[in-house]
Amino acid sequence: MASPVAAQAGKLLRALALRPRFLAAGSQAVQLTSRRWLNLQEYQSKKLMSDNGVRVQRFFVADTANEALEAAKRLNAKEIVLKAQILAGGRGKGVFNSGLKGGVHLTKDPNVVGQLAKQMIGYNLATKQTPKEGVKVNKVMVAEALDISRETYLAILMDRSCNGPVLVGSPQGGVDIEEVAASNPELIFKEQIDIFEGIKDSQAQRMAENLGFVGPLKSQAADQITKLYNLFLKIDATQVEVNPFGETPEGQVVCFDAKINFDDNAEFRQKDIFAMDDKSENEPIENEAAKYDLKYIGLDGNIACFVNGAGLAMATCDIIFLNGGKPANFLDLGGGVKEAQVYQAFKLLTADPKVEAILVNIFGGIVNCAIIANGITKACRELELKVPLVVRLEGTNVQEAQKILNNSGLPITSAIDLEDAAKKAVASVAKK
């Protein structure tokens, strides 16, 4: 069962990939580590694949209506699909503030592409995954619309349980793969790949067969699988997910849609890819937090959470929820903390007008609790904190940290454990 906050804010949390996803494959679990701090638009992912020999539909990118019209003419396709380029899902059912309904349109007339693009580019598209005001569309993708005779699912990912890459596939594609894993686990297939030997032809062929490809299509699918794996390694991806990985009536195996997740630690050798990172759709506070190596996600509540570690942050949000409160954010401090980071974190939290209380929950393993305490007292004084502050510290130098807080003369409420902290934070808001 999903945790309360995970159910409430799952789509937001997926943007930062702060939790692993799991697929039951037979009796074993396959871990999908979706760490998406780097955000790429659909056309960027498809270009990466195309440049590396993976077959995708022909497409052009346009940032004006005239460019979209010319692109549609150049495609010379039987049917054209026009797709607004934003990072949020649900584009097909979205609504523009221009009045246009839908961020994905099919047409056979290039002139219609130009007319539709004029109502997309420069306007906000609102979907279930965007803020109410929507997200501004700066580019559209003009692509050849291909018929799909059969859809399958394919992913290559880093699986911590086997310390290496795993190929995961299902003959049922185009749907939520977690639902397939839950209802028909026998339709989930996997191949564990030796990172040193690479993917074997026998593995690619076997996966192609398990996905239901036969005859010449089987060899074609195996070739695409191998190329996807080579791309996965080349770009330091943590996951390449293709859904659907399909075939056309003309007998071609095509990657129709893909999500690529990257390892942030590889930025130093993947500069070209990380230069494509699109932060324009982030909340300004998220971009500001990133400057100080803080991971921030805004939520709808009024109790700010200041925590180290994604798992602890999730637990903190959940326990606030279970005690009748609502978290205002998800702020992960991480390790290697400096006082300046603590100060900046408080500056971000207090800038949110929704925040009526702050809960600090730190478990000091790598993190030195004394540094946290010094940062807290400095922030409280310099920012003239006006909302209740509840602090729970545990771990490295916690006694010294408690002395710093107790001797500060500041109105800081200490908590003995997470349950106590959550109750006190919720109670402080209820008093208002």
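Keep in mind that glycine also has a Cβ here, set from the backbone N, Cα and C atoms.
Among the features that Swiss-Prot reports, Mg(2+) binding site is placed at Asn243, Asp257, with the record citing sequence analysis. Annotation for Asn243 (Mg(2+) binding site): same-chain Cβ neighbours under 8 Å, separated by at least 6 residues, are Glu151, Tyr153, Leu154, Ala155, Gly173, Gly174, Ile177, Asp257, Ala258, Lys259.
All protein chains considered, the CB of Ile366 (substrate binding site) has 13 other CB atoms within 10 Å. Swiss-Prot lists Asn308, Gly365, Ile366, Val367 with the feature substrate binding site, giving sequence analysis as the kind of evidence.
Annotated N6-acetyllysine per Swiss-Prot: Lys73 (among others), in sequence order. Secondary structure at Lys73 (N6-acetyllysine), taken from DSSP and collapsed to helix, strand or coil, is helix. Neighbour density for Lys73 (N6-acetyllysine): within 10 A of its CB lie 14 other CB atoms from the protein chains shown.
Per Swiss-Prot, the feature N6-succinyllysine maps to Lys78 (among others). Every protein chain shown contributes to the tally, and the Cβ of Lys78 (N6-succinyllysine) ends up with 10 other Cβ atoms within 10 Å.
Per Swiss-Prot, phosphoserine is recorded for Ser161, and the stated evidence type is similarity to another entry. In the three-state DSSP reading, Ser161 (phosphoserine) counts as helix.
According to Swiss-Prot, the N6-acetyllysine annotation covers Lys200 (among others). Its Cβ taken as reference, Lys200 (N6-acetyllysine) is surrounded by 13 other Cβ atoms within 10 Å in the chains shown. DSSP assigns Lys200 (N6-acetyllysine) to coil in the three-state reduction, placing it in neither a helix nor a strand.
Sequence annotations record features per position, and here Swiss-Prot assigns N6-acetyllysine to Lys218 (among others). Annotation note: Lys218 (N6-acetyllysine) sits in a helical segment as assigned by DSSP.
The feature N6-acetyllysine is assigned by Swiss-Prot to Lys227 (among others). Over all protein chains present, the Cβ of Lys227 (N6-acetyllysine) has 18 other Cβ atoms lying within 10 Å. In the three-state DSSP classification, Lys227 (N6-acetyllysine) falls within a helix.
Per Swiss-Prot, the feature N6-acetyllysine maps to Lys271 (among others). Residue environment of Lys271 (N6-acetyllysine) contains 9 other Cβ atoms, counted within 10 Å of its Cβ in all protein chains.
According to its DSSP assignment, Lys291 (N6-acetyllysine) is coil. Among the features that Swiss-Prot reports, N6-acetyllysine is placed at Lys291 (among others).
On its own chain, Lys338 (N6-succinyllysine) has Ile371, Gly375 as residues at least 6 apart in sequence with a Cβ closer than 8 Å to its own Cβ. Swiss-Prot lists Lys338 (among others) with the feature N6-succinyllysine, giving similarity to another entry as the kind of evidence.
According to Swiss-Prot, the feature N6-acetyllysine maps to Lys347 (among others), an assignment based on similarity to another entry. For Lys347 (N6-acetyllysine), the Cβ neighbour count at a 10 Å cut-off comes to 14, with all displayed protein chains included. Classification of Lys347 (N6-acetyllysine) by DSSP places it within a helix.
The number of other Cβ atoms within 10 Å of the Cβ belonging to Lys386 (N6-acetyllysine), over all protein chains shown, comes to 8. The N6-acetyllysine annotation in Swiss-Prot covers Lys386 (among others).
Neighbour count (other Cβ atoms within 10 Å of the Cβ, all protein chains): 17 for Lys423 (N6-acetyllysine). Mapped onto three states, the DSSP output places Lys423 (N6-acetyllysine) in helix. Taken from Swiss-Prot, the feature N6-acetyllysine applies to Lys423 (among others).
A coil conformation is recorded for Glu79 (site 'Important for substrate specificity') in the three-state DSSP classification, outside any helix or strand. Its own atom aside, the Cβ of Glu79 (site 'Important for substrate specificity') has 13 Cβ atoms within 10 angstroms in the protein chains shown. Per Swiss-Prot, the feature site 'Important for substrate specificity' maps to Glu79 (among others).
All protein chains considered, the CB of Asp147 (site 'Important for substrate specificity') has 11 other CB atoms within 10 Å. The site 'Important for substrate specificity' annotation in Swiss-Prot covers Asp147 (among others) and rests on sequence analysis.
Taking every pair among Asn308, Gly365, Ile366, Val367, the residues recorded as binding substrate, the greatest CA to CA distance is 10 Å. With all protein chains in the displayed structure included, the most crowded Cβ environment within 10 Å among the recorded positions Ser161, Asn308 is that of Asn308. Classification of Lys271 (N6-acetyllysine) by DSSP places it within a helix. The two recorded residues Lys218 (N6-acetyllysine) and Lys78 (N6-succinyllysine) have their Cα atoms spaced 27 Å from each other. Sparsest Cβ environment among the modified residues Lys218, Lys291 (other Cβ atoms counted within 10 Å): Lys291. Asn243 (Mg(2+) binding site) carries a strand DSSP state (E or B). Other Cβ atoms within 10 Å of the Cβ of Asp257 (Mg(2+) binding site) number 18 in total over all chains.
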